[in-house]
């Protein structure tokens, strides 16, 4: 049996290739836009925002290094390059996947720390700490990606033949400890931390405004709490929605014969996981008012001139917020609450 041949129908192979091409284009364009915006305002960027930039780099790296090979293989109806490219693809996917998950976890923890005292203008996270955290995510991901090369775990083709990842079906005995540690430290624990941190932020903001003596702000407090809750659920659900189906199918392959899963069924969770590189720029654009304004401004500048540049003057202090109780003459209660929303939570989700 040719393990690198597609087990899907020719029509489904072509459809898979087209889907991956769309995912690749959207991911590259969206994450490049995030990086361009970050570069344009790099001189005024706050330290925690570097984690969002780091996340965009991981998503962009996955799209550039993996998806073109997957598209070409799908349209060729078999995996191109054999074992060498299969190991490369599996290592790259595992590496960028772990880096993204760890970056999301660190970002959630940092945001929770920043939210502990909303009225403090001091930066709780320094540039040195953020750089160390970013470096840690890459080193941690690299160590896990090298484990299968060193003998703990194994890379191999997916059951449908058009992708490579960890050889789940071949790790029932000798690689079982690797699978348990992988799911515990890189899926279960990060998921719990992310959910707890974002719901902790929502609860913290809600209780902070409940202590406010200004009764005129109560309608806005309700809107704020609801909006923060939606964002927290979206971030958590997006993470779990992309990776949990793939993890469940992979676990099934460990405890049962992988041949018991139809190729079409094993294809779907793999495609969901690959689409995770697309969602973050969309969330930024929909929920970050400052990001949306800068994108629109950049688009208008592109239409009116040959050189495109995004303004650094629109909501520059986008992650931190100065004292909430600081009086501002021409600012209403509604604008104050909205500024807190954009400053503390909405920036580069």
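In case you wondered, yes, glycine gets a Cβ from its N, Cα and C as well.
Per TrEMBL, these features apply:
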- 30-284: domain 'G-protein coupled receptors family 1 profile' (DOMAIN)
- 20-39: transmembrane segment (TRANSMEM)
- 51-75: transmembrane segment (TRANSMEM)
- 87-114: transmembrane segment (TRANSMEM)
- 135-155: transmembrane segment (TRANSMEM)
- 175-207: transmembrane segment (TRANSMEM)
- 228-246: transmembrane segment (TRANSMEM)
- 266-287: transmembrane segment (TRANSMEM)
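20-39 is the stretch from 20-39, 135-155, 175-207, 266-287 with the greatest number of Cβ pairs below 8 Å to the transmembrane segment (51-75). Per-residue pLDDT, averaged across the domain 'G-protein coupled receptors family 1 profile' (30-284), gives 84.
Using a cut-off of 8 Å between Cβ atoms, the transmembrane segment (175-207) and the transmembrane segment (20-39) share fewer than three residue pairs, counting only pairs 6 or more apart in sequence. For the transmembrane segment (266-287), same-chain residues at least 6 beyond its ends with a Cβ under 8 Å from one of its own Cβ atoms are 8, 12, 16, 19-20, 23, 26-27, 30-31, 33-34, 55-56, 59-60, 62-63, 66-67, 70, 97, 100, 158-160, 162-163, 165, 231, 234-235, 238-239, 241-243, 245-246, 248-249, 258, 295, 346, 348-349. If one looks beyond the transmembrane segment (20-39) by at least 6 residues along the same chain, the residues whose Cβ comes under 8 Å of a Cβ in the stretch are 45, 49, 52-53, 56-57, 59-60, 62-64, 67-68, 70-71, 74, 271, 274-275, 277-278, 280-282, 284, 291, 294-295, 298, 310, 348. Taking Cβ pairs closer than 8 Å, the transmembrane segment (87-114) reaches residues 48, 51-52, 54-55, 58-59, 61-62, 65-66, 69-70, 81, 124-125, 130, 133-134, 136-138, 140-142, 144-146, 148-149, 155-156, 163-166, 186-187, 190, 193-194, 197-198, 200-201, 235, 239, 243, 273, 276-277, 319-320, 344-345 in its own chain, all 6 or more past its ends.
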